[in-house]
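What TrEMBL records for 33-480 is domain 'Major facilitator superfamily (MFS) profile'. According to TrEMBL, the transmembrane segment annotation covers 31-55, 114-131, 138-156, 168-186, 198-219, 225-243, 307-328, 340-361, 368-387, 393-415, 427-447, 453-475.
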Amino acid sequence: MVIKITDQINNSVQKQDPFAKLLGDFGRWQFLVFGTVSLVKLSSGWVQMAILFLIPNLTFWCANLPNATEELLNNTCYKECLEYKYDVSPFDNTIVSEWDLICERRWLASFTQMMLQLGVLVGSVIFGFLSDRYGRKNTFLVAISTVILFGLGIPFSPNYIVFTTLRTFLGMATAGTMVVSFVIVMESVGPRYREVAGCLFQIPFIIGHMTVPLFAYYFRSWDKYTLALGIPPLIYLGYFFTLTESPRWLVSHGRVEEATKIVKKAAAINNLPTAKIEDILTQLSQEIRKNSEEPRLNYTALFQKSLVAKTACCSIMWLVVGIIFFGFNQYISQTSPDPFISVALAGVIQIPSNLISIWLIKRFGRRLTISIFYILGGVVVIILYFVPKIFAITLTLGTLGVSCAAIVATSIYIYTSELYPTVVRNMGIGASSTSMRIGSMLAPFIADTVVSVPWMPTAIFGVAALVAGLVCLLLPETKGTTLPDSIEDVQNVK
């Protein structure tokens, strides 16, 4: 769903990236790095979207109620009921029926997804720090190994507590693969192609989303389903034999000799000259280490007078993205008469939405595009509750709603990166991403209210989107403007 864009432009007259000068912006070497590393996003889609078929709405009834004197009703909780039975069709078994996640225990179904998203949030921070400290390659391999370990352990969970605990750690490991893989790609691709690469890098995540229904269709018991999702990541063990360290990270840590070997090999693959590479990298390393001694800003800078309004608006918009994207997808899976088709189409529609968003923000600007599709998505979601429950109609509206969310999710990364000055841009993106993750933690609880209050999920999703669309209009347009370098430069963005 999401796309991170690094600093494409720092000044109106951009200094040439030294690595782009040595390796080109996007050649065969960058293609190989991009093609291999982006595959890890498949499992990111599987992990975060697996919940769509783990906690479906089931019909249940009390099968053992002592001293019952009247006919027992379906989907009704009885205080003295000793045993519940379930109609799990079209599935064979789910975690809801396995561990009786109904009645007073129903909140536990949403809680397991909340804990996974909490793991993603914590893992992003931990693995981001580790990758800066110990290198992209080693951190990435640790994340991959733990994804495989916990992914294969989940199907054998003996109880709910173990299941949720393993999913929390799986979320942390998955965050590691997402964060580090993105950094590896962005540090390999030249400035001219980072925007496009950032967009295309998310396609495997979408494919993962699209294929989750396929796994659920053929493996209809929760343990077989999660095992089927846990086996394919074994191919990631190939990274142990193919992945090299990021030359940028090596240079920034003074390991010029190692970086030189990698850059020379990459330059040769791209048919570029390899002379004087070591001299250039040595000089670059010295400059980086000199600059690293300068004082740096911290997160409190985001709340300075010139930035506090932007920080507040971005936090609201990203919070809503997390709520709508993850919550609405879960709502679709729980209310659709054919969740396999509905979820698959919700994934398919994201590919053209992801691509068209780039054209939209270039043609109509960032602010207008995001605002319009927030508002359009909100209206569509609200209408969804009132239309006749005909599959073709609800499927069309549901797919359109997801499409709007996907366009917003793509555009908002680019927009946010342009709103903040260079000195705090990564922190601005990080703070906004945290808001989105909080939204994704709230999403399953909101979607689950459809059982008790059918109108509530669409009302919350719709109103939240409308509010976010209006909030976006409070921000300045950044299309065609020079990206600010310092906090003082922010005043010049109109």
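Just so you know, glycine gets a Cβ as well, placed from its N, Cα and C.
Keep in mind the model is a prediction, meaning the values are calculated, not measured.
When Cβ-Cβ distances below 8 Å are used as the criterion, the transmembrane segment (368-387) is approached by residues 317, 320, 324, 328, 357, 360-361, 393-394, 397-398, 400-401, 404-405, 407-408, 411-412, 415, 454-455, 458-459, 461-466, 468-470, 472-473, 477 of the same chain, each at least six residues removed from its ends. Along the domain 'Major facilitator superfamily (MFS) profile' (33-480), the predicted structure has mean pLDDT 88. Counting Cβ pairs under 8 Å that are 6 or more residues apart, the transmembrane segment (138-156) and the transmembrane segment (225-243) reach 3 or more and are in contact. With pairs at least 6 apart in sequence, the transmembrane segment (307-328) and the transmembrane segment (393-415) have 3 or more Cβ pairs within the 8 Å limit; the two touch. Sequence-distant contacts of the transmembrane segment (114-131) (same chain, six or more residues past either end, CB-CB distance under 8 Å): 47-48, 51, 139-140, 142-143, 164-165, 167-176, 178-180, 183, 249, 326, 433-434, 437-438, 440-442, 444-445.
The recorded stretches the transmembrane segment (427-447) and the transmembrane segment (307-328) share 3+ CB pairs below 8 A when only pairs 6 or more apart in sequence are counted, and are therefore in contact. Residues 1, 48, 117, 301, 370, 374, 377, 381, 398, 401-402, 405-406, 408-409, 412, 416, 419-420, 424, 428, 431-433, 435-444, 446-447, 457, 460-461, 464-465, 467-468, 471-472, 474-475, 487, 490 of the same chain lie 6 or more positions beyond the ends of the transmembrane segment (307-328) yet place their CB under 8 Å from a CB of it.
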